[in-house]
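See structure below.
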Amino acid sequence: MFDNSTQVVGLMGYPLGHSMSPAMHNRAYKDLGINYVYLPLEIKPDFLKEGIEGLRAFNFRGVNVTIPYKEKVIPYLDEIDRLAGEIGAVNTIVNNGGKLKGYNTDALGFKKMLEDDCSFEIKGTKAVIIGAGGASRAVGAVLAREGASEIFLLNRTLKKAAKLVGIWNKTYPGIKTVALPLDEDKYLPVVKRCDVIIDTTPVGMAPGIKGGPVIAKEAITRDTLVVDLVYNPPETTLIKAGRQVGARTMNGFPMLIYQAAYAFKLWTGIKPELFIKPVREAISPDFFA
């Protein structure tokens, strides 16, 4: 039952048809007995500024931000957290009395997933990131902060990848970062010698599932950890390709839960562990690839 004291949070993006966040958050709020509700807020690009202003006008407690707005929301916020500023992308906004502050819990969620669900130690490893959007910024920051020796960024638009690599080279001067085109002849010898491949693109996401994996199966070895941040469907074409060669695989569902749990703490002040437990228990194990 909603009343005047109900705290409203939500997910801001476009489109939102694939998202499980509302069901996940509302399940946790119900189980924990807190007076919150989580709403999908599909906002077309021409109305992003008005959408942000609406958070103040309607006194929302905050929102998560997803594709395509993680970078675009920043100019409309009053303040951003240090990590979010370093990454250059925001996925969580907190409204404190009309003052909007941006955070990035994607980075925290990704780090926890690698450590807890993949048992993967980043330090000294060679990593491949596919895609140069907001999620790749968070992933790259985690890898660099935790001491990866080399990071290769693959993107269809090489110019966009090169721009992000330029930022990383300045922010993390001790880490070798290289931009490569999604051209099999160029990336194949590099990717085959890497320890982890992380796909941050929406390729293979429901409902628009089509085509093969974003990189050639020949680039994956049985010693590679293959991570696809897409979680619906649980087995993307990239995950399937990884399994076919005997590689370890992980989809993005644990990261989704963890980043949500950290956002939950920012909004409610409640420990993220209390969010994680009921959500994990309610989710089919099929989601954990």
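Each position is counted from 1, following the chain as shown.
Including glycine, each Cβ sits where the backbone N, Cα and C put it.
Residues or ranges marked as shikimate binding site by Swiss-Prot on the basis of sequence analysis: SER19, MET20, SER21, THR66, ASN91, ASP106, TYR231. Note: SER19 (shikimate binding site) has non-local neighbours LEU11, GLY13, PRO40, THR66, i.e. same-chain residues 6+ apart with C-beta under 8 A of its own C-beta.
Among the features that Swiss-Prot reports, active site, proton acceptor is placed at LYS70. In this view, LYS70 (active site, proton acceptor) is surrounded by 27 other Cβ atoms within 10 Å of its Cβ, with every protein chain counted.
Counting every protein chain shown, the Cβ of ARG156 (NADP(+) binding site) has 14 other Cβ atoms within 10 Å. Under the heading NADP(+) binding site, Swiss-Prot lists GLY131, ALA132, GLY133, GLY134, ALA135, ASN155, ARG156, THR157, LEU158, LYS159, LYS160, LEU229, GLY252, citing sequence analysis as support.
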**Prompt:** Looking only at MET20, ALA135, which of these binding-site residues has the biggest number of Cβ atoms within 10 Å around its Cβ?
**Reply:** ALA135
**Item:** Integer Å distance between the CA atoms belonging to LYS70 (active site, proton acceptor) and LYS160 (NADP(+) binding site)
**Value:** 16
**Request:** Specify the secondary structure state of GLY133 (NADP(+) binding site) as given by DSSP, simplified to three classes.
**Result:** coil
**Request:** Give the sequence-ordered list of residues that share a chain with GLY252 (NADP(+) binding site), lie 6 or more positions from it, and have CB atoms under 8 Å from its CB.
**Result:** MET113, VAL227, ASP228, LEU229, VAL230, TYR231
**Item:** CB-centroid shell, 8 A cutoff, shikimate site SER19, MET20, SER21, THR66, ASN91, ASP106, TYR231, site residues removed
**Value:** LEU11, ASN64, LEU256, GLN259, ALA260
**Alpha-carbon spacing, SER21 (shikimate binding site) to GLY133 (NADP(+) binding site), which is rounded to whole Å** = 20
